[in-house]
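Listed features, source Swiss-Prot:
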TRANSMEM  5-25  transmembrane segment
TRANSMEM  35-55  transmembrane segment
TRANSMEM  67-87  transmembrane segment
BINDING   75, 78  Na(+) binding site
TRANSMEM  96-116  transmembrane segment
């Protein structure tokens, strides 16, 4: 149990730091669509697609690795609450087009990149 807690704790901290760095570096580029949150969610979608397939095909890995990557790192990197606030901020300001655009970018982009990540992992991990 101790190693599971440490794996989640460290993974979440690293994921959250990456999200923060992305926000610092990208949010000012396009204030209407905070790119730090979007890029965090898109990267997270892609990486979790890879991780799910990789862990499914690598049964011998210790369970702490899955907890570190999926529960910890991806949980710290991706954010539904910040995305929700950004969409609702546009909506409450009457910017319904921007609200819809931000929502669509996150949802469609994340689903697309998760699928791409799964495809990538299957291609990498396929028997030669």
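Backbone N, Cα and C define each Cβ position, glycine as well.
According to DSSP, residue 78 (Na(+) binding site) is assigned to coil rather than to any helix or strand. Note on the transmembrane segment (96-116): residues 32-33, 37-38, 41-46, 48-49, 83, 86-88, 90 of its chain, located 6 or more positions outside it, place their CB under 8 angstroms from a CB of the stretch. Using a 10 Å Cβ-Cβ cutoff, residue 78 (Na(+) binding site) registers 22 neighbours.
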